[in-house]
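Participant: The domain 'Peptidase M12A' feature in TrEMBL is assigned to 28-148. Residues annotated as Zn(2+) binding site in TrEMBL: 118, 122, 128. Annotation source TrEMBL lists active site at 119.
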């Protein structure tokens, strides 16, 4: 079985900051002392972007400063700072202050005021509204009315011969990054008393990725309990 994956995740969450089962649905934002910017928010660009980019970023910073007590400062020498990557694909940010140097991605397609304000919000500790503990009180999702992209997730039937499967998700350009899906789920079925074999032929991007499965990966759930994490392959692992 051939599989290809290419996608991006918008939140970069450190393992220490992941909520436990007991608290996972009670958070609207990270507001613990270690996640709070107590001395203002320091940042720098890598590499230096265009003047238009910096002007737009300055507007996004002012949008946060004008209605809050938060101060932003461009300072590459600060102990705690955000390294803003401007030459890589996608929009992503750590949630809250991580400590030391942390990352924010504002690549191609993410140079807009709205995207910058959004990612700055994540860096301050804000999560998506869909992560609110009370979201189900205000939102009703009609899953039957959600149209997935073509060939994204379906029920497959195994056979005695290899069947190829190619999939691509969240290819990062200005439109697909906003409208695309970041994951697809396939359910492979076979006859009783048989085994299913899956062979990963390749993953793209082919080179190592900084965040492993966060950027591109395939997870195979072979356990009876499908809630548990399965076997993971990411684009930094050679199949």
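Along the chain as shown, the residues are counted starting at 1.
Positions of Cβ are set from backbone N, Cα and C atoms, glycine also.
On this model, are these features tucked inside or out on the surface, and what's nearby?
Facilitator: For the domain 'Peptidase M12A' (28-148), the mean pLDDT of the prediction comes to 90.
Mapped onto three states, the DSSP output places residue 119 (active site) in helix.
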Participant: Let me spell it out: for each of the binding-site residues (118, 122, 128), count the other Cβ atoms within 10 Å of that residue's Cβ, using every protein chain shown. Which one has the most?
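Facilitator: Selected residue: 122.
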Participant: Across all chains shown, how many C-beta atoms besides its own are within 10 angstroms of the C-beta of residue 119 (active site)?
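Facilitator: Other Cβ atoms within 10 Å of residue 119 (active site): 23.
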